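The coiled coil feature in Swiss-Prot is assigned to 39-95; the stated evidence is sequence analysis. Sequence annotations record features per position, and here Swiss-Prot assigns region 'Disordered' to 189-210. Among the features that Swiss-Prot reports, topological domain 'Lumenal' is placed at 1-4, 132-155, with the record citing sequence analysis. Feature annotation from Swiss-Prot assigns topological domain 'Cytoplasmic' to 25-110, 173-210. The transmembrane segment annotation in Swiss-Prot covers 5-24, 111-131, 156-172, and the record cites sequence analysis as its basis.
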């Protein structure tokens, strides 16, 4: 089993990545991946997309058909359009319910695996030291702060270690972002080819000089 030190660090790394990428972006990506799986929801989504294409096709055919000159054909298209539209709305409503349930499940898993787990560990392991400090290296006042609130004196508590992890992960993420921006700005740019106007102007300038 991984140590408490590593578990707390991983929780803060995952939390930082979720906040950086965006929870809504992750939810949308997971929903798209879920629809790729062979399940009832993916079948409903495929049927919904098929009905949407059919509704649009029937709409175009209705617009291209005169309701006065070709009333029988137009009325037949209208009935097909209304029936298909009703089926599409039913599938769309069912898919919306599936997505709401999926989003709720994803949000619950994300909360309990990050914030919920962090709060539980801080409560359950409040007396468990993350690691011990060398004796006599720092004043006892500092040892008391590092062991706050309930860890043994001379050790680092899970609350203090969690704060350190959050700060270090945030600084590391900012540093990586700065390095990425720097490398992107220093990337060699392709030389733009000279325009035809510039090429034609050069011989004329040479002739004038001669």
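Each residue, glycine too, has its Cβ placed from N, Cα and C.
Keep in mind it's a predicted model, so treat the numbers as computed, not measured.
Residues 126 of the same chain, all 6+ positions outside the topological domain 'Lumenal' (132-155), place their C-beta atoms under 8 angstroms from a C-beta of that stretch. The average per-residue pLDDT of the prediction over the coiled coil (39-95) is 92, rounded to a whole number. Under DSSP, the residues of the topological domain 'Cytoplasmic' (25-110) split into helix, strand and coil as follows: 77 helix, 0 strand, 9 coil. Shown for the topological domain 'Lumenal' (132-155): DSSP residue counts in helix, strand and coil, namely 7 helix, 2 strand, 15 coil.
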